[in-house]
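*Asks:* Annotation comment: TrEMBL describes 61-82, 94-115, 135-155, 167-186, 238-264, 284-303, 324-345, 357-383, 395-414 as transmembrane segment.
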């Protein structure tokens, strides 16, 4: 009893966690709401339009993965420099991250603008869908540069314990996007009905507004304000130091994205009902995992801050607290999802077989939630915050590609199991990841003060 009481007595820990996590949770919910609104509006036009937007967003998803990986790698340094109160080097890291993601944005935009058909044809042979998706992708790509800038500023602010500002500005952007979607898609207030093109234009305008607001706020921030030249006063040695952490995080995101793609191929071999079941359960999972992803982001910042401040013992204590909280959250989420699996599926207008498969899959997932949430918090949060991005990459990539993906194809193509048994086989990946991650955590080899490991100017 005293241990439990002592666990919750750390007021600073829980106050900081609450301040960081709550805005991120709200922002993730807002983003999910926008995606839902987009789907409902486009869905009222036709199936081809829904497919076109979905396919167009596949390329944007790849672009976002690279940007998230880059800013995620930079966040390791920003959070540690913030703990050290080293404003000068924070600006340098923001500058390197900003230049990198803007270059990625320019290359991606050129491809999407000039050869969208070559990208879209990878996913479909339907001529109408190719035409609609190409048009959508070309327009949306105009938002890539401002999206890159937005990610850079928003991530920097969160690492400096200001998650509230990105959340508020994101709320404004989401509101603008939904209103403009309605106007442009359906032709309201004197505008012509533009369908898929209207959705793309609305996205671009909302992204530009979001970027402008964040740039204004960033310019007023006590660290980010000042001479623009300060962001680029770095040498080659400093760039290589940053990239040592950025590249593993980018590769981690890429491995995850590619692995997800291969899982979809394996599940797709089992038929439409199986694929539909996976899509439905993934959407339900994403809703429940909003809190978990927010806690992972918060753990990265909080642990990075303590290591940067030279408080490694506090970082260890925070790591233990996050691991315990992750397991407890996994148990609670697992119980909720297990009990609500059947009632939730009643909300979906799908065939009985899809409902049956989905309920079983949700229950399998729910049993695995405790170790899955721990894996998420350790790999995405604790290890990255501790500067151990290299191990995070190895744990994610090796378990996915040597256990998860092979299990999916063995179950689907060789054993020809029903989808829920294939999913059960794939959970072996999470078990293996949990074992290696716990061993790594207990060794405390994940603690690296990356800003002190070599002399940098």
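Indices start at 1 and increase along the chain as displayed.
Every residue gets a Cβ built from N, Cα and C, even glycine.
For each listed feature, how buried is it and what is near it?
*Replies:* Among residues of the same chain six or more beyond the transmembrane segment (61-82), those with a C-beta under 8 A of the stretch's C-beta atoms are 89-90, 93-94, 96-97, 100-101, 104-105, 108, 144, 147-148, 151-152, 155-156, 158-161, 223, 242-243, 245-254, 256-257, 300-301, 303-305, 307-308, 384-385, 387, 389, 449-451.
Within the chain carrying the transmembrane segment (94-115), a Cβ under 8 angstroms from the stretch's Cβ atoms is held by residues 59, 63, 66-67, 70-71, 73-74, 78, 137-138, 140-142, 144-145, 147-149, 151-153, 155-156, 224, 230-232, 234, 238-239, 242, 246, all 6 or more beyond its ends.
Taking Cβ pairs closer than 8 Å, the transmembrane segment (324-345) reaches residues 7, 280, 284, 288-289, 291-292, 295, 355, 358-359, 362-363, 365-374, 376-378 in its own chain, all 6 or more past its ends.
Beyond the ends of the transmembrane segment (357-383), by six or more residues, the same chain brings 273-274, 277-278, 280-281, 284-285, 289, 292-293, 295-300, 303, 319, 322-323, 325-327, 329-331, 333-338, 341-342, 344-345, 348, 350, 389, 391-392, 395-396, 418-420, 423-424, 427, 430-431, 433-434, 437-438, 440-441, 446 to within a C-beta distance below 8 angstroms of the stretch.
Counting same-chain residues at least six beyond the ends of the transmembrane segment (395-414), those with a Cβ under 8 angstroms from any Cβ of the stretch are 251-252, 255-256, 259, 262-263, 266-267, 269-270, 379, 421-422, 425-426, 428-430, 432-433, 436-437, 440.
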